[in-house]
Amino acid sequence: MLAVAVLAAGKGTRMKSNLPKVLQPLAGATLVERVLASARNLRPERRLLIVGHQAERVEQQLSAVDGLEFVLQQPQNGTGHAVQQLLDPLANFEGELLVLNGDVPLLRAETIDQLVSTHRSSGAQVTLLTARLDDPTGYGRVFADEQGAVSSIIEHRDCSEEQRRNNLTNAGIYCFNWTALAEVLPKLSTDNDQGELYLTDTVAMLTKAMHVEVADPDEVNGINNRQQLAQCETMLQERLRHHWMAEGVTFVDPASCTLSEGCQFGRDVVIEPQTHLRGRCQIGDESRLGPGSLIEDAELGRGVTVVMSVVREASVGDGVCIGPFAHLRPAAVIGNNCRIGNFVEVKKSTVGEASKVNHLSYIGDAELGASVNVGAGTITANYDGVNKHRTVIGDGSKTGANSVLVAPIQLGNKVTVAAGSTLTKNVPDGALALGRAKQLIKENWAGPQG
């Protein structure tokens, strides 16, 4: 059996934020959510999150995570003290305990799998993750033989000059035999410079220790300040882009684009510079996004073009052209082969197949049929100051430029609305609707003379 414990109680004072450090966002997810996800493939029987600073806020953020147990550490007195809080919740547990840090979000699932499998096959009481650093200053050094057996861990300040040449460091991630660990946890001492209980001290108390060296030291980078958060964002974005380029996606200027882990792309998608995808996005084959676009929690079909536009929580069919400077807001549903042009906003509306809203229009709380042509400057006036109302436009209808449709209103199929009309009443199929003042011409009118 396996239990996973994530240390998430720290204050993160160097972040200088009102938000708990483990809830800082990174490529569309919080730090601690990424850590929890990295161990998902192991299918642990128990998952425990050790909380402390702003515990209620952390618990609220993660309340939807199935099977996650919250354990309070109060006060926060070191990593050893944090794991001591598991003695009661895991009193009857037998198996391995994997200890992860809530502020180390780049750790790969494959690395964790290797750590746990090595621990199980070696018969060790503890297996720790290690990393070779170009500059190990300040890190505890791990001394081990060629078979991976750890003889000692010595803090940097206690190392001799020769020992400091060893750049194998402790990453602070462990897999323990829980029964063995539970016996030594009460023996931890605060006899150190910080007056805290260190989980590292348990390694010397256990009979057999092994280590697994991480292939990429960047995986175990911890985040303590905004600079490190930005560095991890850069590394994670590069990882995501490399993954999707290997799957057939083209990035014209990779470094200028950002993704979230929830994005999915078909083949031959092209992403132009300064394009950003957030949340859960589904992008169909041969679509072209950007330049200068934001797409968030949206579903786009095959062969969609989005140019300098914003698409949020919308569903877009195949072959749709969007932009430039269009805005699809939540609950916009655009049918196949539509055109949503420049300075058009669509909110909570359905636009039927092959319809065109080409210029300077607002479509809100509306239902447009197939092959509708919306003239430049057409507005669906959906709000009466208290309530929103719907506009329905039938198949094959067209509105002239600068028309206002005052909802609630329904236009039948193949209706024509004359330019400049303001309509307040329903229009039957095939009718021409005019709602404007009669044009007057006064000849020989020179106007006021100054």
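Numbering starts at 1 and runs along the chain as displayed.
Including glycine, each Cβ sits where the backbone N, Cα and C put it.
For the acetyl-CoA site that Swiss-Prot gives as N382, Y383, A419, R436, the extra residue drawn from A376, A446 is A376. Of all the recorded positions given, namely N224, H359, N382, Y383, A419, none has its Cα within 10 Å of the Cα of L7 (UDP-N-acetyl-alpha-D-glucosamine binding site). If you look at the region 'Linker' (227-247), the same-chain residues 6 or more away from its ends with a CB under 8 A from one of its CBs are 15, 24, 26-27, 105-106, 218, 221, 254, 257-261, 263, 265, 267.
The C-beta environment of N170 (UDP-N-acetyl-alpha-D-glucosamine binding site), restricted to residues of the same chain at least 6 apart in sequence and closer than 8 Å, consists of L128, T130, Y139, G140, R141, V142, I153, T200. For R436 (acetyl-CoA binding site), the spatially nearest entry among the recorded positions G78, N224, H359 is H359, judged by CA separation. In three-state terms derived from DSSP, A376 (acetyl-CoA binding site) belongs to neither a helical nor a strand segment and is classed as coil.
Counting every protein chain shown, 12 other Cβ atoms lie within 10 Å of the Cβ of Y383 (acetyl-CoA binding site). In the three-state DSSP reading, K21 (UDP-N-acetyl-alpha-D-glucosamine binding site) counts as helix.
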